[in-house]
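Chemist: Supplied in C-alpha cells, the structure appears directly below.
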Number of protein chains: 2
Amino acid sequence: MVGGGQLARMTHEAGIPLGIRFKLLSDTPQDSAAQVVSEVVIGDYRDLDTLRAFARGCDVLTFDHEHVPTEHLRALEADGIPIRPGPEALVHAQDKGVMRAKLDAIGAPCPRHRIVSDPADVERFAAEGDGFPVILKTVRGGYDGKGVWLVRSSKEAAEPFLAGVPVLAEEKVSFVRELAANVVRSPHGQAVAYPVVESIQVDGVCDTVIAPAPCLSPRLSAEAQQLALRVAEELDVIGHLAVELFEIRDADGEPAVLVNELAMRPHNSGHWTQDGAITSQFANHVRAVLDLPLGDPRPRATWTVMANVLGGDYPDMYAAYLHCMARDPQLKIHMYGKDVKPGRKVGHVNTYGDDLADVRERAAHAAGYLRGTITE
Amino acid sequence: MVGGGQLARMTHEAGIPLGIRFKLLSDTPQDSAAQVVSEVVIGDYRDLDTLRAFARGCDVLTFDHEHVPTEHLRALEADGIPIRPGPEALVHAQDKGVMRAKLDAIGAPCPRHRIVSDPADVERFAAEGDGFPVILKTVRGGYDGKGVWLVRSSKEAAEPFLAGVPVLAEEKVSFVRELAANVVRSPHGQAVAYPVVESIQVDGVCDTVIAPAPCLSPRLSAEAQQLALRVAEELDVIGHLAVELFEIRDADGEPAVLVNELAMRPHNSGHWTQDGAITSQFANHVRAVLDLPLGDPRPRATWTVMANVLGGDYPDMYAAYLHCMARDPQLKIHMYGKDVKPGRKVGHVNTYGDDLADVRERAAHAAGYLRGTITE
C-alpha cells in the first residue's frame, strides 16, 4: 500500500487475520501506518523509481490516498504491476473535472457544474443558474475542505486560479443532508454495497457518521446503493469506493441525491464498519484488491455511530483516554498514533446499539472529551 | 511481548486501534507475530541478557507463552520492569505442582492429585483412589497434550519420569464436557468475566469452542465465573486468565466443576471473542497489562463458534481459502501466517448467529475444508 496514513494503518490491521503480507511505502517512519507495519519502505510516492523499487515483489499495489501521479500509475501498470484501483479508474478520484465529465456521460446526477477559466467566467457560470454563491474547486489536490472555495461574487473568485490548476465551478447545492453510499468491487466484478450512511460535516471536516442514515426512504437508499454500484462498474473501480452524496428535494419535492465526491480507497464514512458491519471496509478493500471473495457488508447493530477525534489544545490525551474507557466499556476507540495538533484527525470512536440517541451521545461525548471540548 | 506466536500476532492486531506501541521478542523473523509487527527483536527468551536488552524502554512486559524461566522474570522485576502477569502469578501456569498446591490452599475444586516419585508411587496413587487409569503430567513444559500421559498400569508409568522433572499424578476425571472460564484482571484490581464456554478437544487439541456453553445452568455458569475471578485475585494474575474446567456430576448428581489447567495469557478458548464479544480477549489483555480500564466482555451474538484450522496434507490452502470465503461471506477467518504442517494450528475461524446448529456447521465446514478433510 502506498501512503502511511491511518487508512493504511487500519488496512494492515484488517489484513492480519486474512494472513496478508503487507508492505508499506511511507513518507517517514513516524507515519501512522509505519508505526505498526513490519515491512516499511521510506520514500517519496511522487518519484517513479521509488514506486518501481517498492512495487517489485508485490502481488498488487493499492493506495492510502489519491495523490500518486496518474502517469506513474500508468508506467507501473505497463511494467506489469496490478494497480487496484487502476489509473484509468483512479483518475476520476484525482481530477474533479474528469470525474464530472464521466458522471455526466453515464447519467449520474450531479450539481450543475463546468470548468471555468477566470473570475469573469465564474460570473457567467453564476448567471447561467441561480447566481451566487458558487463553489469553486481546483480539479486536483483538494481534500477535507482544502482546495474548495465558496465565492459570493466574481471579486472573491481570484484565489482558486492562482495555483494554475483548472478550476471547476459548481452550484451551491441546497441540500437536506450529506449521505455516503459505499461499495466494494473486485476484479471478478463481484460487488457489495454497505448501508447508506449520513455524514455530518463540521467546518468542512467529517465529524459524525450515522449508519444507517436515519429516516432514509427505502427507495432512495436503494437508488443510492445502485448508483454507487453503477459508478464502480462504469469507472472499473477495484476496491472500496465512497460516493459522497447530497440528499436534496427534487422539483416535485421528492427526496433525491446528487453526487458530491468520489474516493477510491477506504473512507472516513466507512470507519463505522470496523465495529458495526459483519465485514469492515478495510477487510473488504483488501479482499477486493487481492481478488478474494468479498465479505458480508450488512450491519451487526441497529445503529452504529462514528465520531472523529480531532486534536485539541492538550497534546497529551492519556487522562482523557482513561476517562472515556472507564465511562463507557462498550466504546470502541481507534487511535492513529499521531501527534496531537489542533484540528488534526488523530482517531475516531465507534459506538453501537439499539437506541440512536444514546449511541450518538456516547460517540459525541467520547470524541469531545478526547478533544478537550467536554470536560464534564 | 515475549514470544512471536499467533497470540502475539493477534495481541498486536488488537493493540493497533488502542494506539499501543508494540515491541516483540521473537525467535525468528518468520514467526507468526514477527511477520506483522514493526518493532521486532530476534532473540532467545531463555537468555536473561537478551530479555534485559529487550525490556529496556518497555512500559510493561507481557507474554505470548509461559516458557520464560521464573528466575529471569524475578530478575527483570528486580530491575524495575513491570512484568504482567508477574512471576509469582505466572509460576502457577508454569508449574502444575505449584498450581495444584495453591488451588488446594484456596479451596478451588481440583481432580484428586499428588506429586509422585516413581512408577511404584503411581501404583500407590492409583490404589488410594479408584485405581487405574491415572493421568501423569510433568509439572513443567507440557501443552496441547504434550507432557501428559494416560497410564493404565505402573508398567506404563516409566516414560514421564525420564525427563527428570517432577511428575504430577491426577485421577482420570469422568467428565461430562470441558468448559473454560476466562477472566481479565488489571493492576487496579478491576476484573471482567467472559461467558463460560464449552471447549471440545480432539486428540488432546482444542478443536471447537462454543460461546456460551450450551445448556449450562445459570448457577454453574456463575460459580465458574466466580471461581475464575477468585483464582485471578488470589494468584494476583494481571491480564487474561483462562481457567480450563471439567464439568462433572458431583456425588449428588448435581453439575459441578473441577479446575483442569490455568493459562495466564490470551487463550485458544477465548479466540471467539474477536468476533463474538464487545471487547476481545486480546484487547482486554492489552488494556489490563497497561492498567487501562477494561472493556465490556459481553457477547455480541446469541452463539459464537470458534473452530481451529489445523494443517492437513496440502501445504497450499489458497484454493480452499477462496472456497470458504465464497461459500460463507459471514465467515471470520484468522490465519497465523504459518507454514502448513499436518496437525499444526495454522489459524481459526469464527462464526456467529442465532441458530447454533447452523453456526456450528459453518465453522466446522470451513475448518475442515481448509484442512482438507472436507472436499464437498
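Any Cβ shown, glycine's included, is placed from N, Cα and C.
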Chemist: Kindly point out which candidate in B:K96, B:K102, B:K146, B:K155 is recorded by TrEMBL as part of the ATP site with B:K137, B:E170, B:E171, B:K172, B:V173, B:E178, B:N260, B:E261.
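Modeler: Candidate in the recorded ATP site: B:K96.
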Chemist: Could you tell me the maximum Cα-Cα distance in Å between the residues recorded as binding ATP, namely B:K96, B:K137, B:E170, B:E171, B:K172, B:V173, B:E178, B:N260, B:E261, rounded to a whole number?
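Modeler: In whole numbers, the farthest two Cα atoms are 18 Å apart.
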Chemist: Name the residues of the same chain, 6+ apart in sequence, whose Cβ is under 8 Å from the Cβ of B:E261 (ATP binding site)?
Modeler: B:K96, B:A242, B:E244
Chemist: Using Cβ atoms only, which residues of the same chain lie under 8 Å from B:K172 (ATP binding site) while being at least 6 residues apart in sequence?
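Modeler: Listed in sequence order, they are B:P133, B:V134, B:I135, B:L150.
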Chemist: Quick one: give me the count of other CB atoms within 10 A of the CB of B:E178 (ATP binding site).
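Modeler: Its Cβ has 22 other Cβ atoms within 10 Å.
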Chemist: Cβ distance under 8 Å to B:E170 (ATP binding site), same chain, sequence separation 6 or more: which residues?
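Modeler: Listed in sequence order, they are B:P111, B:R112, B:H113, B:V134, B:I135, B:L136, B:K137.
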